[in-house]
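Participant: So Swiss-Prot lists these for the protein:
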type	residues	note
COMPBIAS	117-146	compositional bias 'Pro residues'
COMPBIAS	334-350	compositional bias 'Acidic residues'
COMPBIAS	353-367	compositional bias 'Basic residues'
COMPBIAS	372-392	compositional bias 'Basic and acidic residues'
COMPBIAS	401-415	compositional bias 'Basic and acidic residues'
COMPBIAS	416-429	compositional bias 'Acidic residues'
COMPBIAS	443-469	compositional bias 'Acidic residues'
COMPBIAS	476-485	compositional bias 'Polar residues'
REGION	115-151	region 'Disordered'
REGION	323-506	region 'Disordered'
Amino acid sequence: MSEASGNLNSLRMANVALREELNALRGENANLGLQLGRALAEVNSLRGNVSSYIRWPVPIVPVLAEENLEFALSEIEVIPGGELPFLCRPPPRAEPDCISDDLLINVIQDRSTPDGPADPPLLPIPPPPALPPPASKEPPPQPPLAPLERPEIEPFSGDPVYLAEFLMQLETFIADHEVHFPGGAERVAFLISFFTGEAKDWAISVTQEGSPLHANFPRFLDEIRKEFCGPIPPRVAKKAIRKLKQGHCTLGSYADAFQFLAQFLSWDDCRLQNQFLKGLSEFFRKELLWSTEMADLDELILECVEIERKVRVPKPIPLPGVRNIIFPFAPSPNEEESEDEEYYSEDEDQEARRHRLHSKDQRKRMRAFQQEMKEKEEEEMKKEEEMKKKEEKEEEEEEEMKQKEEEEEIRNKNEEEGESKDEEDEDEDGGQKPEGEPQQDPGTEETYGEVEEEPLDEAQDDDLDELMEMEPTFVHASSQTSGPTSGYHAENFLGASPPIIQPSRRRNQNRVPLLEGLPGTNSPFYSSPQLIRRTGRLGQRQVRRRPPVLFRLTPRQGGHRAARGRIRV
């Protein structure tokens, strides 16, 4: 019994061991199946590579150099037909037949077994990759540029009033088309093509071959401003600087034109800044709202240059298909193209269709609202421009009125001064009346309205020329009696002729005051000169002229003044 139970236990143990071996074999079988699948996949890939390399490549023959040979290459006989020599021919190779699948599987199994060969099967060598052709030293030909349209700019003939606006327009055009003007010579030639007359002759003579201005565009602009610098009348410069607007021109050209015209004006810095801001474009004016107050015009121009530099920095390009976050209903280009095309699917339920139509209506409303806002902004801009134009016209009218008032005030002051001088003359006459008024010659009589009235100074000079023909009267101050020889004593002449009075002297210089305290001043022979009356402004004008009267003092009366000769009073 004990032997039977021992055998049974041993059989059971053997059965368990066999089952374990069976399970191990099943696992190995599964692993082999996986390896077989991978091997078949590699076989398929290798089959594709083999089929692509069926045509064997021609072997590379080494290049023979003449210095490495004992004889010249020219002594070699030329082989007809372009065939290679026998030594240079590649060994004959048979065309490979199609490899069977069983052979490939056996090769892979031998490779996977540890006793099999370790070397992989020989495969055809792929040809070396074709080297790219060497890059040529010459630059690639550039596509031809489109012909440049000539701008509609009035030619410059040399008038300095139009120089600022002319240069501003041309500098902006050249800056916008820099591709067509790569060098300074092209820019100088293009600028000269808009000159006419004397300006063109001067520019051609200055920019000849070998001249430093031939290819130096900035220096040529400076020479133009020096040559045609003016002068410009202040009134003309004021009108030109008010008409100067930046528009689409660059800031640098606008600033140069403004400073060129400002040098002919006597405005203060605050007024220049206000006028500079009026001519700026709307973009710069909006940006300057956030900046502080500028000290002078130069600081304002530098601030505008800094704003322009920030704007010219390239901005990142938005990714396509990304919806605007700020305005989620803003139109996208893809939606605008397919706006009219609507597709309805049968599977789309009613709620989804309703949501899609609602979003589409919202987009349309947003577009209409944005369009209305743009139209309102344009209308406001037009109104602001009209208001600015009206204000400028009113300012010009006010300035003209002020100038007229100032001129009228100056005229009134001159008239009042003339009247006051006439009254002073009458007072200085001491109330003495002339013995008789001379009759006016009909030839010299002038009527108001028939002949144009001469200026006051010219009329006075003419009257003085007429009076120069009258003989001067000499008085002896030491005698109080009148006589035919009282004015002709030797001590009064001293062998000298009377002085000649220039006609350009004013009447105030020839005025004779009352000689009080001197003997003989109230004598019967002394009388006031005659009055000369003429027609003038407002029908009558009274002009008083006196002949020059010279007095001589004796040494007893004159003292130290008698040594000087005649004393003119």
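Just so you know, glycine gets a Cβ as well, placed from its N, Cα and C.
Remember, predicted model here, so these are calculated numbers, not experimental data.
So that I understand the layout, could you describe where these features sit and how close they are to other parts?
Facilitator: Helix, strand and coil counts under DSSP for the compositional bias 'Basic residues' (353-367) come to 15 helix, 0 strand, 0 coil.
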Participant: What are the helix, strand and coil residue counts for the compositional bias 'Basic and acidic residues' (372-392) according to DSSP?
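Facilitator: Residue counts in helix, strand and coil order: 21 helix, 0 strand, 0 coil.
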Participant: Quick one: DSSP breakdown of the compositional bias 'Basic and acidic residues' (401-415) into helix, strand and coil?
Facilitator: 15 helix, 0 strand, 0 coil
